[in-house]
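Chemist: Summarising the annotation, TrEMBL assigns domain 'RecBCD enzyme subunit RecD N-terminal' to 17-130. The ATP binding site annotation in TrEMBL covers 202, 203, 204, 205, 206, 207, 208, 209. What TrEMBL lists as domain 'UvrD-like helicase C-terminal' is 597-643.
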């Protein structure tokens, strides 16, 4: 190793000590130096940085962005901004480079496959892709995931269904009576009906589930009218909680469809998790279903698609037969997936503006009689634009106040000011609009916060105690009780932006256990497991069929001994993974990756809804706090939202910051649109 490389590694090791680089990132750079005999510090630094970016959710390293904004790199794992000297040192390391020169040095390395100049050798651990104006460096597997997604979608967009719009009209007339007021639901249906790939996006309460149920009825109606067999349709969601929500909401909507029973019977209501759909292989990243063993389905619908990371989306698309259609549902403005990628956000980058061609507008008009607004027309629209519909009217929240107005303003450009947001909290509240409240506290143990949390969790803990089954209770009674406790637990949830510190979930969970014990609602939290403990699965456990994000509650249940006596045993109750009414019971000793969730991170709350959601902001600005995080926290609330903060300036800083995950997913967009 030459002296310049050794000096670089000393600096990288210091950054690991300071918590701005992972040991994994340093190890990868050392691996490349050792195995490829790489000595160029610009190459080795790029290797460490692309790994660091993957750890923060980015699919690749944008060389131009890194040079223009080095302060966005090396985010601290303590959730505080790194020391100023770190970025000074990084800036010095990058001095004298420009994107083209950096790309050229990377392309000269045997560890990097330069697609523009040498093609893909299939061996190099890193891939240099993108365009001359926007060079992108990938770890190979992430480059492969993006290409699978891009190719799978492009192939579907290249073969729209040969569909006569006249065939849709009678079915649409039944599914959308004249009094139905939202044209975008019809538009979404007809766009998705003619495309083997489609996206339906929209905020909370805009009718995504209602729309997809009508879409399924439309597609099955077309198949039956042509004397074909009903389509084989599979419904999925990223987590067990999201699958349960979709299952609970889709069945009544199918029952209410104004169609013949024979058609209604062809529409599925069972929802599985994506992992279960694909068939996980224990102790492996691979799935049972893949390109050589594809899913047996004509159509796959995925809800809460914003939660699907680039690896899982690639696995899904690879498991589809070429003729299988795919429909994604989700809110493009929610937080992106926990793991790398923001696939739904990338696909919906142009959704608000529409970009529909005149040909699409003519086809939509002929199919359903709706006119696309002039401002959504663009003859330069891409094939992807023609397959995306954004629902714009919220049936749950009206825009004139409450939760709906707050979510809309948070999400609208230009960024709202703190005064604008606080004016919404100060406006007269109406139950019908979703009540919003602001709770200013002085400390993390403020009596007002304690009162809010204790009141919020009192309901499920009282139900746990007061309705506890007797020793004579049978399994049905015990399951009914557990189901009621789980439902009551969903009435309130405290969310946090951070994991660590007094305002992080770790500190909040410890204190909340004490607060509830002092209030007489818990018998104590001195032991790791106690009755009433809500837990979150943090790692997929395929043996137990529990997925990351599943929530259960520890409950004491009566158990009959072999000699006829009774004792009480602590078990953890989980809803069934496919959203039906069954309860799964698991002994605590079998749960290896769980954490208490009196407080939950906003990321982990995705796919869930609670009657009352409270969001606790930390006492200092942090890169984790963004408008997307605030918006996601707000939209977890069905009826009531409370914002808790210690310093108003923290909210102000969050409102100015947007999430932008770097990827190379193109599908017709240009470099500037990808950067926006």
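Just so you know, glycine gets a Cβ as well, placed from its N, Cα and C.
Because the structure is a prediction, the values reported are computed rather than measured.
I'd like to know what surrounds each of these features in this structure.
Modeler: Mean pLDDT, taken over the domain 'RecBCD enzyme subunit RecD N-terminal' (17-130), works out to 88 on the 0 to 100 scale.
If you take the C-beta of residue 209 (ATP binding site) and look for same-chain residues 6 or more apart in sequence within under 8 angstroms, you find 246, 249, 250, 253, 303, 329.
In terms of DSSP helix, strand and coil, the domain 'UvrD-like helicase C-terminal' (597-643) has 12 helix, 17 strand, 18 coil.
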Chemist: What three-state class does DSSP give residue 209 (ATP binding site)?
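Modeler: Its secondary structure by DSSP: helix.
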Chemist: Under 8 Å Cβ to Cβ from residue 202 (ATP binding site), same chain, six or more residues apart: give me those in sequence order, or none if nothing qualifies.
Modeler: 184, 208, 331, 390, 391, 392
Chemist: Based on DSSP, name the secondary structure state of residue 202 (ATP binding site): helix, strand or coil.
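Modeler: The residue in question, residue 202 (ATP binding site), is strand (DSSP, three-state).
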